[in-house]
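**Student:** Before I ask anything, let me first share the structure, which is written out below as structure tokens.
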């Protein structure tokens, strides 16, 4: 099989297509194809017996190439290498390997040119695009000529196929970018009508439904009743909460207090990421200290970025009032920014403390690993994969207990047995199954905990190799991934037998055999592991086990545990740019506002 570019110059002759070869529903003979072109991914299905000419015809239609446009087709093999398809033989080989490897889809890349000579790359071809997750692609779905894009509809919308309302968390609807047809995500493959490239009339609302309220998800119940606040009945998913005492300044009936930037005093910058700035702020009315995550809307106008913000908000709401997860106070927005007001955890993160201590005593690492395990298990029980466990995201509160933060990488809606496939995470913590391109579930969080526990106990990453820093070829992300996949992890001899055992359990490259991943026993395997033998898990969950380390803090505003490169920054927000605001679709952020009712009750009683 040839793995170098070769020329594909279609002569534009008409091809008589078997209708069963294209845009077919999922059948035993169908193959899902992801075609990457011009920053977009178009998803369609083909018959596995498709001819090379039929494939070229389909690609020409998908990419809207004129008849005289030459182009190059490359499929990506199991090693993420590009292989040119220029003949029926090469197409058959791609399909054969697709079936042999039990792949879920055939990934191809299209370039609107041909190489200048055999062995050269196409114009615009970069090897990095073949690594899963290396760049963001706009994902489209092609069915009967429709080019569907997943959308979240903030206003009332109805499916053109089943006539039912489109609603729910995330992007539940698909919209054709050509004819504007609206359908459910679940219905898009069933659409029989071909796209006309002309806008379709909207499905009219039925008169008898016009006054129906749009279903709204109920706010999550608290993890446990807060002291001095509401008392919960028997703990279960639908426990009733007794109303708290009336606030000192009661609101008008039917209204809910909303917050704005004017309600807060901005004090210091305490963190910064690629999307957001984090500030320490004071709520003027109560003088309570919070952290405020500030995100510029102009940076999240892409659909997938907007989903990331919505996911983080949903997980913040779910996590509120859990002892080991950072909770949400409120959300609000301005024309240019989104604001998350969250708990201020002032003890610093584990990365900050590890840089000063290098390694931790085993009893310290055991305590932190146990509290992290409880937090991860709670998320898993709620159908959430965390996917970004690392030292930076483990905070210490003023007493020394941990709290996980930063939920932007989370995946929601995972039921037992469900999997996902997105390539994401921090490179040093990415699990082997993600690197292999396999579908995965909660197993990736337990792998990351193994990496983090190794770092706490050994003072270094399990994937650090002697002499690697002196060799530029071994300082690349690809080399790190190769080490994670192939190298045997060496446990320091200085660690106890129990510590070595738990590390080997978490760092098993086979997720089916990994500690915490057995379908029946799952979390109980962690609880009963000898490394945690003396841990009282019930007391731990109630925060009644004394932490091994208590951060030194002079006040609730003490920033001694935060890096000075952040705290020394100017705290002011940059002025709004009217031109930038004019280009923001504000409808994408409708309904972002939120107030945590339990925290509100606590504040009102102050």
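Keep in mind that glycine also has a Cβ here, set from the backbone N, Cα and C atoms.
Residues or ranges marked as active site, proton acceptor in Swiss-Prot (evidence: sequence analysis): 388. Residues annotated as ATP binding site in Swiss-Prot, with sequence analysis given as evidence: 270, 271, 272, 273, 274, 275, 276, 277, 278, 293. Swiss-Prot lists 30-113 with the feature domain 'PB1', giving sequence analysis as the kind of evidence. Per Swiss-Prot, the feature domain 'Protein kinase' maps to 264-532; the stated evidence is sequence analysis. What Swiss-Prot lists as domain 'AGC-kinase C-terminal' is 533-604, and the listing cites sequence analysis. Residues or ranges marked as zinc finger by Swiss-Prot on the basis of sequence analysis: 145-195.
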**Student:** I'd like the per-state residue tally for the domain 'AGC-kinase C-terminal' (533-604) from DSSP, helix first, then strand, then coil.
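**Tutor:** Per DSSP, the residues of the domain 'AGC-kinase C-terminal' (533-604) fall into 26 helix, 2 strand, 44 coil.
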**Student:** What whole-number Å value do you get for the CA-CA distance of residue 274 (ATP binding site) and residue 388 (active site, proton acceptor)?
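**Tutor:** A Cα-Cα distance of 15 Å.
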**Student:** I need the CA-to-CA distance for residue 278 (ATP binding site) versus residue 388 (active site, proton acceptor), whole Å please.
**Tutor:** 18
**Student:** Could you tell me the mean pLDDT the prediction assigns to the domain 'PB1' (30-113)?
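**Tutor:** Across the domain 'PB1' (30-113), the average pLDDT comes out at 86.
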**Student:** Give me the DSSP three-state residue breakdown of the domain 'PB1' (30-113), ordered helix, strand, coil.
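**Tutor:** Output for the domain 'PB1' (30-113) reads 25 helix, 30 strand, 29 coil.
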**Student:** Return the residues near residue 270 (ATP binding site) by Cβ distance under 8 Å, restricted to its own chain and a separation of at least 6 in sequence.
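**Tutor:** Looking at Cβ-Cβ distances below 8 Å from residue 270 (ATP binding site), excluding near sequence neighbours, one finds 278, 279, 280, 291, 559, 562, 566, 567.
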**Student:** Work out how many Å separate residue 388 (active site, proton acceptor) and residue 272 (ATP binding site) at their Cα atoms, rounded off.
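**Tutor:** About 16 Å separates the two Cα atoms.
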**Student:** Are there any residues in the same chain, six or more apart in sequence, whose C-beta is under 8 angstroms from the C-beta of residue 272 (ATP binding site), and if so which?
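**Tutor:** Expected: 278, 566, 569.
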**Student:** What does DSSP say about residue 388 (active site, proton acceptor): helix, strand or coil?
**Tutor:** coil
**Student:** What is the biggest Cα to Cα gap, in Å, among 270, 271, 272, 273, 274, 275, 276, 277, 278, 293, the residues listed as binding ATP?
**Tutor:** 14
